[in-house]
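Everything below concerns the one structure shown next.
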Amino acid sequence: AASRLEISMPAVVEVEVGDTARIECNFYIPENASYTYIDWFYVDRSNRQVRLYHVTSSGVLEDDTEYKKRLSLGEDKALSISAVTVQDARTFVCQVGAGSYGVGENSTELSVYKVPKTPEIEPNSGGISVHSTDIPEIAKCLSKNSFPPPNITWHKNGMQLHEQENAVSIQSTLTRESSGLYTVSSTLYAPVTRDDRHSSYHCTVHYWLRGHSRALESRRVKVNVFYPAEHLKLQVLPSSALVKEGDNVTLVCESDGNPQPVFSFYKKNLDEWQDLSSTEPQSGVLTLHNVNKSNAGMYKCQSLDLDDLSQIEEAVDLVVNYIDGVNVEMEPSSTLLEGQSVTLSCDARGTVDLAYQWSDENGRKLKEGNQLFLSNLTFETSNTYSCRVMAPSVPGLEQSKKVSLAVEGKPRIVAISSPLYVRQDELINLTCKAIAFPRPTIQWNVNGTAHEYMDNQHITSNLTVRVSHDLLQAGAICRVVNRQGTIEKHIQLLDQKSTAESQGVIIVAIIVAILVVAVLGAVIYFLHKKGKIPCGRAGKQDITKPEARKDKIVVEVKSDKVSEEAGLLQGANGERRAAADQ
């Protein structure tokens, strides 16, 4: 064991700005003796110790310093400093007095750090020419709020750049903010070539943390490099092989120079080139809206470099695919009647091979091919058909032609209000609904107010009439007529009063039956309670068995008098049974 007072403390404690620092003071006093006092100090800029705490067995005294309200002392006498700032980066001393064992002290260096923010990079906002005589500015890099001050390096395509005379220059500035944190700014200057149009640049900020070097990288940026054109490209969007009538077609002319030169467009008409530049001058883009067959042909783009007035040109052939002359024929072409058959034929012209498809009014596919055979026609089903002509090699190129078949037939009544329960002298509505083509007329054999309305090929007539005695007896007739025939149906009217009386008789009969069943049940229950219908193991009898003894009488008694009478009765019966036995 040590024979003298010993104090151990960490040499360095690292803490980030804003966090809480904890500095421990561990000491040993021989023979487990107690300390007399413990004092905490910090060393100011004048190298003078300023006391923070004085701890004795009688209590803790906190001195009035700049650290007041940010200090706390743990049970193990460790010193804690909250909301650490960069000004707290100094030495803290723990002094222990142990009476006869003397006084000892040790110190800890509080190292404060602040991790810098991710560096912000801004590339040159203008263009940089490959022919620039001065070394151009590539980008600026900024790192904020760090402590201690960091270092910035530059990288091109992932490789670090180093300063070179008349080639690469890096200029940096360091600023200390009022908070004590540092801001570092760095600017990169370097020449560019045509290949640098694909180059990326970034900066890296380097700092120390807990004895280790750390780094944060900025985003990658590119710069706009100016260089002359070498080649020209003219393309059709969408692809020329897929252009169809009605499309919007864009001709895009591009060069491999930057900035783009001045462009002009031309279209070949016979042996001459027609200048189209007036439509979209110098933009390098020519848009043709809603193209048709007349827009097909040869187009040319010409570029002009304003530096040396050199010209480059490129041509392309525009093909506009189309479908034309869609026609549907019907065989036979005369008026169609219900039950007949018909053949529909579809034909069209186009720049590519065509395919045909038939569908009904609801879009349901019926058949592939240019002919459709229909049998057993009826006016009740959909008679509208569509021929869809498509170009499989040109997606989206299609035309459609609809045909409606006029199928005539005799009327059919599909709904009628019969039988109908009515009362005499009341106003009623009679309804008759029919279907037919051509449109039929509906007639009634009684006078009233009629209203008609159509729903597709259905016609409905509502007749408002007052019920008379004759109408109640005879009913009404609905007659539907068109040029293909006539149909009629009878509406039966029933007197609601007579029906109600009949229903009343039935209800009375049901009630009487229920009462009879209820009375019968009550009688059976009463006999059971009086013992007339015995039950149980001792007295159980089957009343349906004919061999049961009729002379045996069972009496239930509930008082002494009745018991005596019962005994007399049993005696008499016993005598009779004895005589009978003899």
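Using the three backbone atoms N, Cα and C, a Cβ is placed for every residue, glycine included.
Among the features that TrEMBL reports, domain 'Ig-like' is placed at 3-111, 119-222, 228-317, 324-404, 411-488. For 504-527, the entry in TrEMBL reads transmembrane segment.
According to DSSP, the domain 'Ig-like' (119-222) comprises 5 helix, 61 strand, 38 coil.
Predicted-model confidence for the domain 'Ig-like' (324-404) is 90, expressed as mean pLDDT. Counting residues of the domain 'Ig-like' (228-317) by DSSP class, helix then strand then coil, yields 6 helix, 46 strand, 38 coil. Taking DSSP states H, G and I as helix and E and B as strand, the domain 'Ig-like' (411-488) has 6 helix, 51 strand, 21 coil. According to DSSP, the secondary structure content of the domain 'Ig-like' (3-111) in residues is 9 helix, 55 strand, 45 coil.
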